[in-house]
Structures are given as C-alpha cells and as structure tokens.
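First the structure, in the form of structure tokens, and then the observations on it.
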Ligand code: NAP
C-alpha cells in the first residue's frame, strides 16, 4: 500500500458501459480528478484513448489505482453485481484505511449491501451501497442516485454525487436515503414500480389496439397527447417512439415484429419477494412481474390456445370516449402502483431501522431515472402535507384523482374482461382499491375457515378478546389464547 496521497479525489472501478460513463460524467464536472481502473486493462486503455479531455488518472493494477487516490480515498465500484462486486470490495478493503469510502453503484441486492456494510465498516472503512438509475445514458448525463451508508460518508460523497446527478427543478436528484442497505432497497422498489408502470402502459396500448382498433402509429399519437399533464413521463414518451417505429426489413410496425416474451433481470422479483416477506400487498407490481413471466411461457400459451375454438368478441365502444377511459384507468392504476411501492419503502424502513424521507425519494425520482415523471411532484406534495399518510390514496389530491377516474376504470376493466383482453395490472390495481374501499371484507370468512380446520382463533367485531369455536364439538364459542401458528 502506498503511503503517499494520490491526485484523484474520486475513483471508479469497472470500465464497462456504466462505469466508463459514470467516470466521464464525474470528469466533466469542475473540481473532479477521476482515477479509473478495470480488471482487464484493455477497457481502461480504450476509454482513456477515446476521452483524453477527461484527464483520467488510469491504473492497470489495483495497487496503483489505490495509490492514485487522494486521502481519505473514495472509490465507486461499477462492476457485475454479485461475485464480481464482492471480489472488488475485498481488493479495495484490504488496501484502504479507516475513513476511506467504498461505494457500490451496481444493482446489488440490499441484503448483500447490509452484509457488505457490516463487514467493511468493521475495519473503519465506510461502505456506501448506492442505487443508480437511468441506464447508460443517465450514468453519462445525470442519473438519479440513491445512496445508503453513514451520514459521515455522505458528507464527503454527497457533494460529488450531487455534481453528477440529474437536476429536477433546480435540485440534484440525490439524497441520503438511510444507513447500510437503504439506498439499494429504494432502488429495488423504484424498479418494481418501473415494472408496474411499463405493464400498465402496455395494457393501455393493447386495449387501444384491440378494442378501439387503432394502428400502432395512431396509438403513438394517442400517447403523445397523453404525454402532458399528470401522465407526462419518460415511459409514456418512449412508448410513443417505440410505437411509431417501423421495421426497415418488413415495413411492418416494429412492435409487430418483436417476439412477445418480456425479459427481466431480477429487481422486480426482489421487490415482490421482499413485499411478501414484509407482508405488504403490492399486487399491481407483482402482476407486472408475473405478466413478464407468463409471456415467456410459449409452451403453456400454445397449449391453452390449442384448447380454444373461439375468443370472445370485442365489445363495441365509442372509440374516442373509450380512449379517454383508458387514460383515466392508466392514471388510477399508476397511482395504486406508486402507493404500493411507497408502502413497501415504509415497511422496509420500519423493518431495517431506516429513517426514509418519502418526499425526498419522490423528489429524486423526478429526473434521471426511468420512472421520471411530472406526477412525482404530486407525491412530494402529498408527503409534505402529511408525512404520515396511511396510504398515498388517502391524500386529498390522489383520492380525488382516483375518484374522478373510477367509473372509467371500471368500464375499462369490465370491457377488457368481456372482450378477452388481459389486464392483470389494471385489474389488480382496481381490486386493490376496492379491497381498501370495502367496509367489510370476506377475510371474516377466511378467519372462520382457519379457525375451523386449524383452531387459529379469531377476534369479534363486538367485544375484545380472542375466540375459538369448538367446531368438532358442540360448536360453542370459548375464549382462547391467540394462536401462535
Ligand atoms: P457488467 O456487464 O454488469 O459488468 C462488467 C464489468 O464487471 C467489467 O468491468 C468487468 O471487468 C467487471 N467484473 C466482472 N467480474 C469481475 C471481477 N470478479 N473482478 C473485477 N471486475 C469484474 O457492467 P455494466 O453493464 O457496466 O454494469 C455495472 C453495474 O451497474 C452492474 O452492477 C449492473 O447491474 C449495474 N447497471 C445498472 C444500470 C442502471 O440503469 N442503473 C444499468 C446497467 C447496469 P472485465 O472487463 O475485466 O471483465
């Protein structure tokens, strides 16, 4: 280990697309001297040759990289999530000194981040797991950044991250989310919401295509119109562009030549898995994840299609007013998806001991990331007005927005069901809303069933206590200790 302090105030390890773009972004901001290193030196050489303007301090060994950093040292790791990240952390941790900062900017599972933070901080080195959203374009021009870790590390790191983050209404899209895994947890939920948002838009497209009979280019125009006001968002904008695209080879709409099997990299599943563990109902997000899984089961789809002689006739609608209905259903369902995502953040914060400012999270998602949208300002306002909302749907603006679209939402879901158009996202969101809105739920019957077969006990609506009915005896009720199973 070198005793002398190097010249770079920040270093990046991992010169694949994300790391090299982030390094270029850092280098383009005044005051930064950026050290770069990659396991295979070819990537580093290529980057340095292509971007002499960046003034990179390049190293071909980890020792030289560490020596090139000013003390206290700060290095951002942008390598393959999982084993690659663990390998680089251990290389840095064995060379860094107390007070130095290791940042993992990859798509880590927050449980790994909690583990890594515990290991690394035992030797006095700060470990910051940070979510970075916006893909390669965001990394280069300004991502939304969700750092975890200690407040002390954020004092040094915060200004550097703020210098490279996207800017929304004059504010950098970065905030200290909370300790250890908080940043990666919030990034995970961001991705879950992204899945839901994309699925809902795809269902809106499917209905516009199947029920209103519009062609992809016409639907592109519909989305362009929708890309104003509360639906204005990056995802709506790119949807219009994708739908307008024509395949050069066949002259067909691009969307018609793409195989209808959606891929996934895992963060959506993590969102749902953690929601299950935390007991948070995120049905809208879960249906979006499952919709991708279902699309990628060609054998099952073909098997069911082979059993069918005819599909339902499409319900006849007024094309323009039904398009307005779809717009309202999309907005209401989207509100539900965000409400579910924020519920998961609140539950995760309670479970893992993080103090997460929900309004600040909504703020840093307004630019740089995939779910960037006008609508996030409404969430910022909702939490500013009442930081302890039981659900976003309680906020007066969202309550009114959902109520005004409610009839349209029901028309869309019922028309889709009658026409045989799958709307797992719209349907799950509406059922979620109806479940919260119902004064009585059939959960009472489920409790009765549970008590019948498992003596799981129940509570009564009319007095305190825990009860069990002697189902296999004389069916009288006894007061009972609460079930533990
Ligand atoms: P990647 O393809 O995920 O990983 C390739 C990089 O990892 C290369 O630099 C590679 O070095 C390095 N690497 C792999 N195993 C290693 C090991 N054992 N030791 C040292 N280095 C190792 O790269 P990427 O697409 O640029 O993504 C980087 C990170 O950002 C990942 O965690 C990814 O999940 C995340 N990401 C985020 C977004 C986003 O929107 N936020 C988008 C894409 C990726 P060699 O060149 O030597 O093989």
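Glycine is no exception: its Cβ is also placed from the backbone N, Cα and C atoms.
Within 10 Å of the C-beta of residue 187 (active site, proton acceptor) we count 27 further C-beta atoms, all protein chains included. In the three-state DSSP classification, residue 187 (active site, proton acceptor) falls within a helix. Summarising the annotation, TrEMBL assigns active site, proton acceptor to 187.
TrEMBL lists 194 with the feature active site, proton donor. Its own atom aside, the Cβ of residue 194 (active site, proton donor) has 23 Cβ atoms within 10 angstroms in the protein chains shown.
Cβ neighbours of residue 107 (NADP(+) binding site) (same chain, under 8 Å, six or more residues apart in sequence): 81, 131, 184, 187, 265, 267. The NADP(+) binding site annotation in TrEMBL covers 14, 15, 16, 17, 18, 19, 38, 39, 40, 79, 80, 81, 107.
In the three-state DSSP scheme, residue 107 (NADP(+) binding site) is classed as coil. Summarising the annotation, TrEMBL assigns substrate binding site to 107, 133, 134, 135, 190, 191, 195, 265, 292, 450, 456.
The domain '6-phosphogluconate dehydrogenase C-terminal' annotation in TrEMBL covers 183-472.
Taking 16, 18, 80 as the binding-site residues under consideration, the smallest Cα distance to residue 134 (substrate binding site) is found for 18.
For the binding-site residues 16, 18, the greatest number of Cβ atoms within 10 Å around a candidate Cβ is found at 18. For the binding-site residues 38, 40, 80, counting C-beta atoms within 10 A of each C-beta gives the highest total at 38. Candidate binding-site residues: 14, 16, 195, 456. Those with a Cβ under 6 Å from ligand 1, in sequence order, are 14, 16.
Of the candidate recorded positions, 16, 38, 40, 194, the one lying closest to residue 292 (substrate binding site) when CA atoms are compared is 194. For the pair formed by residue 456 (substrate binding site) and residue 14 (NADP(+) binding site), distance between Cα atoms is given as 53 Å, rounded to the nearest Å. Comment: substrate site residues 107, 133, 134, 135, 190, 191, 195, 265, 292, 450, 456; largest CA to CA distance 48 Å, whole number. Counting only same-chain residues six or more apart in sequence, the Cβ atoms lying under 8 angstroms from the Cβ of residue 190 (substrate binding site) belong to 131, 133, 144, 146, 341, 365, 369, 370, 371.
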